[in-house]
Amino acid sequence: MYFYNLVKNTDPEIAEAIKSELKRQQNKIELIASENFVSIAVMAAMGSPLTNKYAEGYPGKRYYGGCEYIDVVESIAIERAKKLFGAEHANVQPHSGAQANMAVYFAVLNPGDTILGMNLSHGGHLTHGSPVNFSGKLYNIISYGVDPETETINYDEVLKLAKEHRPKLILAGASAYPRVIDFKKFREIADEVGAYLMVDMAHIAGLVAAGLHPSPVEYADFVTTTTHKTLRGPRGGLILCKEKYAKLIDKSIFPGIQGGPLEHVIAAKAVALKEAMTEEFKNYQVQILKNAKALSTRLIERGFRLVSGGTDNHLMLVDLRNKGITGKDAEKILDEHNITCNKNAVPFDTQSPMITSGIRLGTPAVTTRGFKEGDMLEVADIIHDALTNSDTKENILIRVKALCEKHPLYKEFDE
């Protein structure tokens, strides 16, 4: 564990915390839909000497000297992002998905302008207009949700709201929506009311890159994403847009909302983007979907109710009300059995956001470990047994350990 040895002589407390976190990741089954495990190459790029360099500005136009190699790194990242997603322009500097979203808002909106976005409790994101977030404080937010019967987006309702409120920007994308989103339909709605169309594809970027989910790039004026999650890169953000908006977006990031970019993270983004161009990565994304189908199908067989009846992507929402257990309690119980997930509101939830009636499950991280469909059937059975007391805790922990040992994680660090 090279980083442990490098850190422990200076700071043994932090070194021990790092070591413990590695062991947690190795010995638990990670089902949080927004998490993944980066490659050693991505991790190494983040720990490189690039972290030492200030580089305010953009390649070829910096406010500091000595940026010639930084320019090489960032230019490669930009070109790879454009090529991977077929975009006219890319900004790789956002520190996070939230920063990417903020930059788009600040580029084309004024305080008080109207945004039409997905309700957080129906699968949206904090930055899509939640009243506790800057987006909900600065802008007039109109929210659309899912149909009570189908639990999928009702595009007729979105159009109706758009005609009624005439938003300046319509936002598509979600953090907990298990179905394919029709970006073409959103483009038609935006055109009908003269609105910008922005798509936040943070959760599905890897699937889009592999051609397994319709791409929003040809339809949206702006596309934002994180670079982790299904894209399996470092924690960070990315903005794609039409060339005509390039200067607006770049100015909005710097000097608008950020100062110096994190060039060590941008290097890691570049490495991850190169990995995403491989056949191996596409096969990985195919397996994510296969694993999600296997997990969701088995959970339904074991009596769990899935929001919308299943999944088209990497995640699923499990409504636990028929099991008489809250999302908060389920998260805690599963964690005690070495399975990590997160509590999550389900559409029309009556529980508070800190309690919830459901959990969100995803397959990107376990698929990176090498889990296949058969493993996911066992995972579903373990979830059932843990939440219904159908097996002893001791036996379940043995079953989880067997899966983790079958598919070791970062075994290079154990040498």
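Just so it is clear, glycine is given a Cβ too, placed from its N, Cα and C backbone atoms.
Its Cβ placed at the centre, L126 ((6S)-5,6,7,8-tetrahydrofolate binding site) has 16 other Cβ atoms within 10 Å. According to DSSP, L126 ((6S)-5,6,7,8-tetrahydrofolate binding site) sits within a helical segment. The annotation (6S)-5,6,7,8-tetrahydrofolate binding site is assigned in Swiss-Prot to L120, G124, H125, L126.
In the three-state DSSP scheme, H228 (site 'Plays an important role in substrate specificity') falls into the coil class. Positions annotated as site 'Plays an important role in substrate specificity' by Swiss-Prot, on the basis of sequence analysis: H228.
Positions annotated as N6-(pyridoxal phosphate)lysine by Swiss-Prot, on the basis of sequence analysis: K229. The number of other Cβ atoms within 10 Å of the Cβ belonging to K229 (N6-(pyridoxal phosphate)lysine), over all protein chains shown, comes to 28.
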(6S)-5,6,7,8-tetrahydrofolate site shell beyond L120, G124, H125, L126, criterion: Cβ within 8 Å of Cβ centroid: G117, M118, N119, T127, H128, G129, S130, N133, A174, S175
Query: In sequence order, which residues at least six apart in the same chain have a CB under 8 Å from the CB of L120 ((6S)-5,6,7,8-tetrahydrofolate binding site)?
result: L126, H128, G129, S130, A345
Query: In this structure, which of the recorded positions H125, H228 has the fewest other Cβ atoms within 10 Å of its Cβ?
result: H125
- line: Rounding to whole Å, the Cα atoms of K229 (N6-(pyridoxal phosphate)lysine) and H125 ((6S)-5,6,7,8-tetrahydrofolate binding site) are apart by 15
- line: Expressed in Å to no decimal places, the gap between the Cα atoms of H125 ((6S)-5,6,7,8-tetrahydrofolate binding site) and H228 (site 'Plays an important role in substrate specificity') is 16
